[in-house]
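Annotated in Swiss-Prot:
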| type | residues | note |
| --- | --- | --- |
| BINDING | Asp263, Asp274, Glu437 | Mn(2+) 2 binding site |
| BINDING | Asp274, Glu397, Glu437 | Mn(2+) 1 binding site |
Amino acid sequence: MTTTTRMDYETTLKGKYPAKRHAQRVADYIRNKVPGASGVLYLEGRATKLLEDNDEAEPFRQRRYFYYLTGCPLADCHYMYDIDADKSTLFIPPIDPESVIWSGLPVSADEAKQNWDVDEVKYTSDVNATLAHVGSEKPKGASVFAIPNQVSDKITFLEFDNKNFSILKEAIEVTRVVKDEYELAIMAKANEISSDGHKAVMQKVKHVQNERELEAVFLGHCIAKGSRNQAYHSIVASGRAAATLHYVPNNADMAGKLNLLLDAGGEWDCYASDITRTFPINGKFTKESREVYDIVLKMQNDCIAALKEGVLWDDVHLLAHKIAIDGLLQIGILQGDKDEILESRTSVAFFPHGLGHYLGMDTHDTGGNPNYADKDTMFRYLRVRGRLPAGSVITVEPGIYFCNFIIEPFLKDPKHSKYINADVLEKYWDVGGVRIEDNLVITKDGTYNLTTAPKDPEEMEKIIQQS
């Protein structure tokens, strides 16, 4: 069962990001893997870095591992969690009087303690002394757990017998898969802002000339609603460009083209949304475009209906291919026995990517265990392999594409060409590509759909026509 009622995320977001609970979950994972583990977790936030040959800072993006245990978006911070004492300490940069005139006063220790879910706040000048003090009081065999290549040269772990650089990253990546109520509330807010942004683009699509104007509409909407950062570079692909999965130029004129594929999602508090809609530029799908759209919509609806806790994602991806084959047979692009087509993997020519991926602080979030060396082309680019736990968030983004570069080798290979009607296919190149993508929370009995952007074909046509 899929629920689409809007979440009351604002009430939840009045509280603090549950960083302490995240630290406890990570520590539990480590203790399960390393029985009797004692010591501290140590993490560093992203450091300020200047642009090459320039005195201006690079755009800042907080390290996700650090954010997961702190909720702190500041640069140049450090963090320590004492596993045995269940105590978290955030270290923030001290006040630099010379920078105040340029940047204003930074967050104070008292403000940081009030803002974020940590037990203690100190300044970064105290990191080594604090580590040394805590380490000296630990029993023999205590460890400091850290992430390779994310420890500054100035940091020392001299008082700890063991330095473990192998398990902390894994522990955080696995723990991040299952979201808590607060994380889901953040993602619901990111989705609502981005969903409304997609609708805003639909309302403008027939009034502009170039893809970049629509990118500006989406970005402007997100920024106006407080979502300044994008989860990824927007894909604004008109006409045949929609057959390029990660098209990023976003600068082509749209005159004479049929459809627009918009894959765009803003962030809220370091958490991503990832939404795709495909709609007619002039407000009315052509016969061929609507046929393909209906196939993809059925792929998505049926796959969402199959989801619940414990479902094998591989099976849902396979279901999407079966529905694609049935639909392409019905409109005549494919021909022959559907089981033979499935076995031959000919449908990969039209649906070459995985059905979806985990979503969280990263667009392609952690914990999916993909196998990009899989010899089976149908599953090679599936970013999640295994069963879905309740509380995970996954994208469901089936698509059908008409990319000459991908399809041409299939047409030249007798193993596949016998299943493709090239004459019928010729009518569909200008459709470009159709993808529909929503963000789903897995529950015990089904899913909760975070995405509210319109996707009913008649509704989208009406929005565009009445704009």
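Just so it is clear, glycine is given a Cβ too, placed from its N, Cα and C backbone atoms.
Annotated features taken from Swiss-Prot, shown on the structure.
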residue : record                : DSSP class
Asp263  : Mn(2+) 2 binding site : strand
Asp274  : Mn(2+) 2 binding site : coil
Glu397  : Mn(2+) 1 binding site : coil
Glu437  : Mn(2+) 2 binding site : strand
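Taking the centre of the Cβ atoms of Asp274, Glu397, Glu437 as the Mn(2+) 1 site, the nearby residues of that chain (Cβ within 8 Å, site residues left out) are Asp263, Gly265, Ile275, Thr276, Gly356, Thr395, Val396, Arg435, Ile436, Asp438, Asn439. Within 10 Å of the C-beta of Glu437 (Mn(2+) 2 binding site) we count 22 further C-beta atoms, all protein chains included. Put simply, of the binding-site residues Asp263, Asp274, Glu437, the one whose Cα is nearest the Cα of Glu397 (Mn(2+) 1 binding site) is Glu437. Annotated Mn(2+) 2 site Asp263, Asp274, Glu437; additional same-chain residues within 8 Å of its Cβ mean position, judged by their own Cβ, are Ile235, Ala264, Gly265, Ile275, Thr276, Thr395, Glu397, Arg435.
Sequence-distant neighbours of Asp263 (Mn(2+) 2 binding site): residues of the same chain at least 6 apart with a C-beta under 8 Å from its C-beta are Ser234, Ile235, Ala237, Asp274, Ile275, Thr276, Arg435, Glu437. A 10 Å cutoff on Cβ-Cβ distances gives Glu397 (Mn(2+) 1 binding site) a total of 24 other Cβ atoms nearby, all chains included.
Taking the Cβ of Asp274 (Mn(2+) 2 binding site) as centre and 10 Å as the limit, one finds 26 other Cβ atoms among all the protein chains shown.
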